[in-house]
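Visitor: Quick one: this structure, given as structure tokens, is what I'll be asking you about.
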Amino acid sequence: MSTKMTPPVEKNEFIDVVFEDLTHDGAGVAKVKGYPIFVKNGLPGEEAQIKIIKVKKNFAFGRLMKLHTESPYRKDAECPVYNQCGGCQLQHLTYEGQLQAKEKQVRDVMQRIGGLSDVPVHPVLGMKNPWVYRNKAQVPIGEREGGLVAGFYRQGTHDIINMESCLIQAEENDTLIQEVKRICEKHGISAYNEERNKGTLRHVMARYGQVTGEIMLVFITRTAELPNKKAIIEEIATKFPEVKSIVQNVNPKRTNVIFGDKTTVLYGSEYIYDFIGDIKFAISARSFYQVNPEQTKVLYDKTLEYAKLDGNETVIDAYCGIGSISLFLAQKAKKVYGVEIVPEAIEDAKRNAALNNMTNAEFGVGEAEVVIPKWYKEGVIADTMVVDPPRKGCDEALLNTIIDMKPKRVVYVSCNPATLARDLKVLEEGGYKTQEVQPVDMFPHTTHVECVVLMSRVEK
């Protein structure tokens with residue numbers, strides 16, 4: 001008969017612990033008799049007094065009360081609202097410490113999930129200046145004391161904290177959004193109230209082209225009616241000549257989803273333009289576009305290096321999105337085929353190929369695991385397969401398709417080390433060897449880490 005394990009700690013108990021590790025969301029991990037306790041702001045190696053605030057069967061949560069010893073990597077967060085906002089998780093850790101923690105995270109999952117203990121994991125490629133890197137700001141609008149507030153939701157709530165600037169956001173976007181808030185307030189625009197489903201302005205979004213300097217402004221409203229629209233647009237366009245596009249998106253639904261279905265251009269163009277390396281991209285209000293183009297170039301350069309192209313290869317890019325990796329590869333490949341399930345993304349991909357006069361990139365809509373076997377039957381043989389899946393990783397059917405097609409190389413671009421390690425294990429069992437793993441820091445001060453991996457087919 002099994003005996004039920006009783007947790008070794010109780011709620012409201014004060015205990016001394018040593019933090020051993022960080023979780024994937026940046027909390028410190030301490031253990032009591034092997035039982036894990038997660039504590040926000042704890043860092044590995046630190047000795048601390050904590051208070052137990054929630055006890056579950058297999059783990060508990062604690063609050064950091066007092067540090068007995070401090071990590072040499074601990075620092076004061078530079079953002080005044082760091083502890084209220086959920087946007088960053090690692091500002092209390094030096095940037096060097098962040099990069100080391102991310103490298104360890106990748107190594108750990110390679111061993112624990114992938115069983116790949118001997119694979120070279122390189123040091124994380126970080127940023128020279130890990131601030132003001134985000135090119136897209138999406139802020140909720142609210143009302144307080146008769147005025148508009150714009151900022152972010154307090155962690156775990158829908159309470160908007162007013163914020164003049166964000167340290168990881170492009171300053172151009174911050175400046176624009178604060179001025180737009182003042183202009184809208186002056187012209188009597190009401191904020192959306194989600195409890196009453198009243199009011200006009202739900203969110204404001206700004207997109208900034210880091211290379212071109214062009215900005216797009218998006219008003220997301222509950223109703224198609226935007227009072228004093230003409231005067232608002234004139235004032236914004238006069239004050240901000242770099243704003244090349246002002247767009248309205250209407251979302252009448254009671255939902256947490258930000259965008260509605262209807263988008264209208266109010267001023268200028270439907271697109272702004274930006275470059276990653278030598279490739280030019282047209283970016284619409286709804287386009288997926290990497291939020292840190294500087295590090296995206298680092299990631300794509302490494303992808304291109306791993307693909308080892310000399311101009312004679314056929315490459316398939318699964319989960320190709322707006323064609324950003326496909327077009328990078330098309331600079332060196334004979335032919336690139338990109339596949340993506342979102343039709344609008346494929347329209348963007350075709351537009352971007354035309355924009356760059358690239359005739360050797362072809363795009364198809366559908367599930368990669370359906371479209372790629374169809375191409376295979378039509379005689380498309382990939383020398384190199386590139387995959388860049390969402391966080392859930394590759395569909396099992398796609399992994400089986402890769403194993404059946406036997407491309408010489410697989411380059412796997414990942415935003416989730418855990419699903420990456422799981423998928424590498426499947427490909428290893430199917431005849432591939434993982435040669436090297438290169439983590440890239442796309443989102444400094446957060447726990448996210450991207451990786452690009454080179455796999456080669458082992459001929460038996």
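Cβ atoms are placed via backbone N, Cα and C, with glycine included.
Just lifted these from Swiss-Prot, have a look:
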ACT_SITE  Cys415  active site, nucleophile
BINDING   Cys79, Cys85, Cys88, Cys166  [4Fe-4S] cluster binding site
BINDING   Gln290, Tyr319, Glu340, Asp388  S-adenosyl-L-methionine binding site
DOMAIN    8-66  domain 'TRAM'
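Each of the listed features needs to be described in terms of its position in the shown structure.
Guide: Cys415 (active site, nucleophile) carries neither a helix nor a strand DSSP state and counts as coil. On its own chain, Cys415 (active site, nucleophile) has Pro390, Arg391, Met442, His448, Glu450 as residues at least 6 apart in sequence with a Cβ closer than 8 Å to its own Cβ.
Long-range C-beta contacts of Cys79 ([4Fe-4S] cluster binding site), restricted to its own chain and to partners at least six residues apart, with a cutoff below 8 Å, comprise Cys85, Cys88, Gln91, Cys166, Leu167.
Using a 10 Å radius centred on the Cβ of Glu340 (S-adenosyl-L-methionine binding site) and all shown protein chains, the other Cβ atoms total 27.
On the 0 to 100 pLDDT scale, the model's mean across the domain 'TRAM' (8-66) is 97.
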Visitor: Can you give the largest Cα to Cα distance in Å, as a whole number, for the residues Gln290, Tyr319, Glu340, Asp388 that bind S-adenosyl-L-methionine in the record?
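Guide: Spelled out: the longest distance between any two Cα atoms in Gln290, Tyr319, Glu340, Asp388 is 16 Å.
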Visitor: Using the centroid of the Cβ atoms of Cys79, Cys85, Cys88, Cys166 as reference, list every other same-chain residue with Cβ within 8 Å of it (recorded [4Fe-4S] cluster site), in sequence order.
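Guide: Apart from Cys79, Cys85, Cys88, Cys166, the close residues are Val81, Tyr82, Gly87, Gln91, Phe152, Leu167, Ile168, His445.
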Visitor: Let me check the 10 A CB neighbour count of Cys166 ([4Fe-4S] cluster binding site). How many other CB atoms are there?
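Guide: Cβ-Cβ neighbours of Cys166 ([4Fe-4S] cluster binding site) within 10 Å number 23.
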Visitor: Relative to the Cβ position of Asp388 (S-adenosyl-L-methionine binding site), how many further Cβ atoms are located within 10 Å?
Guide: 23
Visitor: Including all protein chains displayed, how many Cβ atoms other than that of Gln290 (S-adenosyl-L-methionine binding site) lie within 10 Å of its Cβ?
Guide: 21
Visitor: For a quick check of understanding: among the binding-site residues Cys85, Tyr319, which residue's Cβ has the most other Cβ atoms within 10 Å?
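Guide: The most densely surrounded of these binding-site residues is Tyr319.
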